[in-house]
Amino acid sequence: MSVLIEIHQFPCLNDNYGYLVHEPGSGRTIAIDTPDAAVYLAEAEKMSWTISEIWNTHWHPDHAGGNLKIKEATGCKIIGPAGEADKIPGIDRRVKGGDTVELGGATATVIDVPGHTLGHIAFHFPDQEAAFVGDAVFALGCGRVFEGTMEMMWESLKRIKKLPKKTQLYCAHEYTASNAKFAVTIEPENKALKEYVAWIEKRRAEDKPTVPALLERELETNPFLRADLPEMQLAMGHAGNAAATFGEIRGRKDRF
């Protein structure tokens, strides 16, 4: 039987989501990234939890900026990507793809997802069908390719695509409404996308989150995850080349 974890999601900064993940059996709590130390500490107090570890997906300040203040307040350990260890404030343990990290009785696997940054990682809890993906992938979107190449980013998205379809993707930002506007320019006739967009509009009108995103739904609707489809490659002018098709879609989004 899989170990229960509790995921507490809350908004912080302009459009980030914060995540506290708690394993009741051990009483341990991890912070996934640290956009805003004060908000994280307040949310932990509200839940009567104490942050025991921080797990960073990448080095950007809206993901690791609160590390040192939270560490000072709680004495927590900080786990982060080995490839960005020099940029992760207060890092104690360096991890890379294939490593495992523990939260009490729950185990997460580290996945290398470079592209947005060169050392970007994700944390996948297979038994709990949850993946914390940082800025690698969003609902109907993916991160801008700041440090890596389009080929690198596509390989990262392929790793995410291989996760079980029922995996919930806990993305780091509420970008879904703007991503949806772009997605319909790529696949205007996609029926699943039209239904998803209607749901997104309703959720946002009610000021409710659209995250987490179900991988199964993303595979049917997220243009960035669909670059391996022959019809998508043809439409983007790169028949037989998924990486180039992805690059074309990403370039269009950058200019959108």
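Note that Cβ sites are derived from N, Cα and C of the backbone, with glycine treated the same way.
Taken from Swiss-Prot, the feature Zn(2+) 1 binding site covers His58, His60, His116, Asp135, and the record attributes it to sequence analysis. The Zn(2+) 2 binding site annotation in Swiss-Prot covers Asp62, His63, Asp135, His173.
Other C-beta atoms found within 10 angstroms of the C-beta of His58 (Zn(2+) 1 binding site) number 30, with every protein chain shown included. In the three-state DSSP scheme, His116 (Zn(2+) 1 binding site) is classed as coil. Burial estimate for the binding-site residues (Asp62, Asp135): highest at Asp135, by number of other CB atoms within 10 Å. The secondary structure of His60 (Zn(2+) 1 binding site), as reduced to three states from DSSP, is coil rather than helix or strand.
Taking CA atoms as the reference points, Asp62 (Zn(2+) 2 binding site) and Asp135 (Zn(2+) 1 binding site) are 10 Å apart.
Remark: His173 (Zn(2+) 2 binding site) has Asp15, Asn16, Tyr17, Asp135, Phe138 as non-local neighbours, by Cβ distance under 8 Å and separation of at least 6 in sequence.
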